[in-house]
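A.B. asks: Below you will find the structure I want to go over with you.
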Amino acid sequence: MAPPKAASHRPAVRRKKSGTLVDSILDKYLNVRFFKYLLLEPAALPIVGLFVLLAELVINVVVIQRVPYTEIDWVAYMQECEGFLNGTTNYSLLRGDTGPLVYPAAFVYIYSALYYVTSHGTNVRLAQYIFAGIYLLQLALVLRLYSKSRKVPPYVLVLSAFTSYRIHSIYVLRLFNDPVAVLLLYAALNLFLDRRWTLGSTFFSLAVGVKMNILLFAPALLLFYLANLGLLRTILQLAVCGVIQLLLGAPFLLTHPVEYLRGSFDLGRIFEHKWTVNYRFLSRDVFENRTFHVSLLGLHLLLLLAFAKPTWTFFQSYVRLRRIEDQLQPQIAQQNLELKAQKRPKKVEKDKDKDQKKFTTEQQSFLKAFEKSLQKASGGKATPAPAQAEPERYGIHFDRCTQLALLPFFLCNLVGVACSRSLHYQFYVWYFHSLPYLAWSTPYSLGVRCLILGLIEYCWNTYPSTNFSSAALHFTHIIPPYQL
């Protein structure tokens, strides 16, 4: 009788274990606590980011399929590239319906490729899907930076990404070149923070070769080079940027250099008042006055000088923390290996150089203090010590020190945008993805931060711009730098 009795008990045991596992999963993930973690904890952004990308894929497809495409510059881009593909290298002769070609050579090459892929520019729907891919790729790069820094709660980025009609319109309904330039820029920023300097310089120079607004990041990048690399290696990276520009512009520089430089790097170009987003309250005469333009340039330079010292301090602190990371990471890895070995049932042999791999008292104190400071900065609570005596693995998110690098870059760009002679609607992508970071770097309350982002979105969605929307946009540009 014993065997049947034993057999009858086995299924019951299995069902109990299965039920316990399911209950454990449900208790761990399907509850309010985990939902709050996903929304509020910056450390959850890698998980939330995957859902954001999937949702954005659906949103972009719906926008492309349901919202009519608006022709603004796409045909003109194709006409300008067609002239180049037909053998014209004189920039003064490359024109489209909206005027002459005013972008550097990388723009010509990229849109020439799109010219062929889209059947001489006629397959606009295919171009829209290509730009949807550009949007998703750039968003992935942006989310990677935010995940590293752990500065902004995930719900902020979710709301920011899903609620901006203007951004989706610029990418998949207008096909401007600004998204291409910004994509290359964020690729460069990721590479710089990974300390892949030459590749980062290459992408940065390519971004400048698509549109010159990327140069707004250049002052911060110069200081970042100097802080990380020193003078000689900085000169080398600047040479990389310069050589790439020469290679890109070679077909034009070797044939009609003056026309190329005058056309693609024209800093004195006059913008049309009817398209301005930020200076609607000015008369056309004042808007086009060169004294006004020089005044804005002077203000830009003064603000850059004012922020130069704190920027340098931030970058120096970033470099010091990276060096500490390089020193401690091998020891952290070794310490975790030893802890893992201690958990094994086998006898651990005596290690001759045991003390060499152990942390010193100063290093242990630094790790504890640094971890507490990072938890405090992100609003997280310290993890309570476990009741059991089993040792825990050492771990620290050193990438959070990227906060010291990202803020100066984003602030430098914001200063340039705020001092621009004119902003057109597609220029919103220049700084849109950095706005949550800038807002959450201020000491303002949650309500004020959200108000700033909402007001900026309102200003860029007001078409045509009004005196109020232009003035409000300037107000929102002043608030973050004033506190930072």
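The backbone N, Cα and C atoms fix where each Cβ goes, and this holds for glycine too.
Feature table excerpt (Swiss-Prot):
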- 1-43: topological domain 'Cytoplasmic' (TOPO_DOM)
- 65-97: topological domain 'Lumenal' (TOPO_DOM)
- 119-125: topological domain 'Cytoplasmic' (TOPO_DOM)
- 147-171: topological domain 'Lumenal' (TOPO_DOM)
- 193-211: topological domain 'Cytoplasmic' (TOPO_DOM)
- 255-294: topological domain 'Cytoplasmic' (TOPO_DOM)
- 316-403: topological domain 'Lumenal' (TOPO_DOM)
- 448-484: topological domain 'Lumenal' (TOPO_DOM)
- 44-64: transmembrane segment (TRANSMEM)
- 98-118: transmembrane segment (TRANSMEM)
- 126-146: transmembrane segment (TRANSMEM)
- 172-192: transmembrane segment (TRANSMEM)
- 212-232: transmembrane segment (TRANSMEM)
- 234-254: transmembrane segment (TRANSMEM)
- 295-315: transmembrane segment (TRANSMEM)
- 404-424: transmembrane segment (TRANSMEM)
- 427-447: transmembrane segment (TRANSMEM)
A.B. asks: Can you find at least 3 Cβ pairs under 8 Å between the transmembrane segment (98-118) and the transmembrane segment (234-254), where each pair is 6 or more residues apart in sequence?
C.D. replies: yes
A.B. asks: Tell me whether the transmembrane segment (172-192) sits in contact with the transmembrane segment (295-315), defined here as at least 3 Cβ pairs under 8 Å among residues 6 or more apart in sequence.
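C.D. replies: Counting Cβ pairs under 8 Å (6 or more apart in sequence), the transmembrane segment (172-192) does not reach the transmembrane segment (295-315), since there are fewer than 3.
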A.B. asks: Same-chain Cβ contacts of the transmembrane segment (212-232) under 8 Å, 6 or more residues past its ends?
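C.D. replies: Non-local partners: 103-104, 178, 181-182, 184-185, 192, 195, 197, 204, 238, 264-265, 304, 308, 311-312, 315-316, 318-319, 405, 408-409, 411-413, 415-417, 427, 430.
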A.B. asks: Going along the chain, which residues at least six beyond the ends of the topological domain 'Cytoplasmic' (193-211) come within the CB cut-off of under 8 Å?
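C.D. replies: Answer is 103-107, 110, 145, 148, 177-178, 180-185, 187, 217, 221, 225, 228-229, 233, 237-238, 240-242, 244-245, 248, 322, 402, 405-406.
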